[in-house]
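Novice: Quick one: the structure is below, and I'll ask about it shortly.
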Amino acid sequence: MTFNLSRTLILQRLADGQFHSGEVLGQELGLSRAAISKHIKGLCELGLDIFSVTGKGYRLAKPLTLLEHSKISQMLPQMPQTQINVQNVIDSTNQFIKDMKLAPSNGYVCLAEAQTAGRGRRGRTWVSPYGASIYMSMYWSFPGGYQAINGLSLVIGIAVVNALQKLSVKGAMLKWPNDVYIQGKKLAGILVEAEGQMGAACNCILGVGLNIDLPDNGITIDQPWTDLKQATGLQINRNLLAATLIDELIKTLNTFEVEGLKPFVNQWTELDYFYDKPVELLIGKNVLLGKVKGINHDGALLLEREGIIESFHGGEISVRPA
């Protein structure tokens, strides 16, 4: 039995939130109690909160819904043009797709229970404790090349909000260019990694990290954050959320590939958390003050400064409240 498989099987038994003795776990899995103890320690290092009580055994601090390929597939409204690959612990879902020897088909999805090197925009680390969020990447190739993907991260944000609304999550908003906010705090982030040559297709890996129920302790994030449990009190099944996200992303990307950003501009404006609010725009070491006025036809941020509206594209630009 492989190391990862042993941990997965242990977690499947602990997922109900009840006590399970190390002796019984060892008998069921053909492992020594010492091996069970070692695996439990390793699971704790992945961010899981597991109690150990003499005479009772091991118990998760709260029940855990593990991702299951079969359940996600069954929950999709119809079988879309996608292949779903559910991983246990990997470096990052974006990297998993990037390392594939053959390019997958459009809509290919990689999901993971945890990431050891999850990444966000501008080289930041994406905190990825085990089973606490959705860590997902989707592959999509655009025949129109780089010019065909202007505003891509914006429409992915819209797809995420649409998926949340379908699951009765209210109040989710968007922050240019790649964050989903709720109650003024970051709920989800988007990372688009694109490769291609001039005159050729642009191959994109679209990463989404969405906080569901992060551990109470040990989380260090460099900005105000929240998760679905804190913000809404809802208990949303992770498999259902993954399926709903996949469905919305595929529908959105099919439209975007044909029509571009234009059909989405008005909805973006409606969901813009900073619309008509004063902000600081950080461009390298420079700080510009202005009022957000939405986006233009190619996804650039519109900023009003001294009565003049200027446009700014992504890259090393960040927005924060003034």
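Any Cβ shown, glycine's included, is placed from N, Cα and C.
I grabbed these lines from TrEMBL:
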DNA_BIND  22-41  DNA-binding region
DOMAIN    68-257  domain 'BPL/LPL catalytic'
BINDING   S92, T93, N94, Q115, R119, G120, R121, K186  biotin binding site
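Have a look at these and tell me how they're positioned relative to everything else.
Specialist: DSSP assignment over the DNA-binding region (22-41) gives 17 helix, 0 strand, 3 coil.
Cβ contacts within 10 Å of S92 (biotin binding site), excluding its own Cβ and spanning all protein chains shown: 25. According to DSSP, S92 (biotin binding site) is assigned to coil rather than to any helix or strand.
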Novice: For the DNA-binding region (22-41), report the average pLDDT of the model, please.
Specialist: 89
Novice: Are there residues at least six beyond either end of the DNA-binding region (22-41) with Cβ under 8 Å to its Cβ atoms? List them, or say none.
Specialist: 1, 6-7, 9-10, 13, 50, 52, 57-58
